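Visitor: The structure that follows is given in the form of structure tokens.
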Amino acid sequence: MATVPKSNMGPTKAVPTPFGCIGCKLPKPDYPPALIIFMFCAMVITVVVDLIGNSMVILAVTKNKKLRNSGNIFVASLSVADMLVAIYPYPLMLYAMSVGGWDLSQLQCQMVGLVTGLSVVGSIFNITAIAINRYCYICHSLQYKRIFSLRNTCIYLVVTWVMTVLAVLPNMYIGTIEYDPRTYTCIFNYVNNPAFTVTIVCIHFVLPLIIVGYCYTKIWIKVLAARDPAGQNPDNQFAEVRNFLTMFVIFLLFAVCWCPVNVLTVLVAVIPKEMAGKIPNWLYLAAYCIAYFNSCLNAIIYGILNESFRREYWTIFHAMRHPILFISHLISDIRETWETRALTRARVRARDQVREQERARACVAVEGTPRNVRNVLLPGDASAPHSDRASVRPKPQTRSTSVYRKPASIHHKSISGHPKSASVYPKPASSVHCKPASVHFKPASVHFKGDSVYFKGDTVHYRAASKLVTSHRISAGPSTSHPTSMAGYIKSGTSHPATTTVDYLEPATTSHSVLTAVDLPEVSASHCLEMTSTGHLRADISASVLPSVPFELAATPPDTTAIPIASGDYRKVVLIDDDSDDSDCSDEMAV
């Protein structure tokens, strides 16, 4: 603080307070009355424009959907920082100018200094955040949405204000806040601590200026390099340049307005004896008034250079002429905002539910299939025991290879013509050992009618060592309206006769093809099954589900015959039981 002669010291209108006599002996400013009146009017205009303009900026960002982005969130935060000085310090400054000094308490002086520091430091930090946001938007556009998402932007905003508070609080203990009659306000006095003064100025002013200058330099280089590219919309390019220029002008105005105050502060702190008497009082007053005037310039710059802000300003001015309409529109906008957020959350929940349902439906086929069906071993399966891939060459199927077991009610006719039902239950696949190496089948164009097929044969002997004959689908006859998947298992007996002769099956009707030798599969069994020449078989396939618990066959053991079935779409092996009364063998089959 500059020293003044004793003759300039005199009593003021200050009165004693509980915090001490503030301003009992202060230097009288040597300003002419006209200058004081001019400064008073300028500060009144500054306060009014500051409050109205920054309020309109906040309303514009809140109401206009085009202005609701991460960059303008920092613009609204900058407006809040500018409004702080217009709410508390500037009115007290006007009061001090009107009464000719400070006659308020020391606590109010401390609060004025604290709020002023928060406003100034908050403004420069928000300008730095705006510059970084513009830099990421133009120079790193691919990562912009990830870096400045809504959640991240809110975090950056909180961090900005936390850094502002941490930067100002040390001044409350290290630097002393005193009333300066040259500026009619309470400021930080760093005369007794020059090192701390230089550090504060570098952190609060110089370092942010370097960061902002670097960001805008890179942005300008990027804009010049991308001028008039092929396929670029000129309107969009012009809008980006205007937006960049708006933020750059805001930065320049802040630097120009606050640079004189910071320079004077550093000079007085470093060389107080030389500079104290050389700096006139009016220069201090002009420097601080220019700095204070910066708080109302930002809203004006937005309205001049940004078309979206300008349109919103006109809307707000029109609404101010009709307060009821303005309040109604404001309530409607708030309701629409909440409804939009609720709808967004509902859409997110619905999308998550649809994804969960799709995942559940994707696994329902496997989860709903019995384990004994899912573990059916097909010929050529690599996990089958004792398998020989070389001997099994099944033809690739055009349909799904998964086996779905359909129920089959097989009615057998005896020689006398009376039907005798044979109940067939499937056995678990774990009790049957299959050896696909001995099963050979070749598809043939043999058509088979379920209830009118007659077989002629004298002695047909089969030899099998506990084989699994699997079929995927059969082509149904007149009594069946859809193809059915079946799997047959032959459980070996105790006798092991050798193979004698094999008679080829010939259909009795002339409407069916005759099976040739290459069409018959060779199935070896460990017991002898004989089929009479007069056996009449009729197959009736139903659509009910097969029971999973095995049950016994009829009293008379059946003859098991392996018949290859081949149609235009399905080529499978089907096991058919012929219940003959004179058979001596007992067998269990799982279909």
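Each residue, glycine too, has its Cβ placed from N, Cα and C.
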Visitor: Under Swiss-Prot's annotation, the disulfide partner of Cys186 is which of Cys109, Cys136, Cys257, Cys259?
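Guide: Swiss-Prot annotates a disulfide bond between Cys186 and Cys109.
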Visitor: Topology question: in Swiss-Prot, are Gln108 and Tyr179 both on one face of the membrane?
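Guide: Checking Swiss-Prot: the two residues are co-localised relative to the membrane.
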Visitor: For the topological domain 'Cytoplasmic' (60-72), what are the DSSP-based totals of helix, strand and coil residues?
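Guide: Per-class counts: 10 helix, 0 strand, 3 coil.
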Visitor: Among the disulfide-bonded residues Cys109, Cys186, which residue has its Cβ surrounded by the fewest other Cβ atoms within 10 Å?
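Guide: Minimum Cβ neighbour count within 10 Å, taken over the disulfide-bonded residues Cys109, Cys186, occurs at Cys109.
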Visitor: For Cys109 (disulfide bond), which of the three DSSP-derived states applies: helix, strand, or coil?
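Guide: For Cys109 (disulfide bond) - judged by DSSP and reduced to three states - the answer is helix.
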Visitor: Of the residues in the topological domain 'Cytoplasmic' (133-151), how many are helix, strand and coil by DSSP?
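Guide: Residue counts in helix, strand and coil order: 13 helix, 0 strand, 6 coil.
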Visitor: If you count Cβ pairs under 8 Å, which stretch among 39-59, 73-93, 152-172, 197-217, 248-268 touches the transmembrane segment (282-302) the most?
Guide: 39-59
Visitor: Helix, strand, coil: count each for the residues of the topological domain 'Extracellular' (269-281), based on DSSP.
Guide: 8 helix, 0 strand, 5 coil
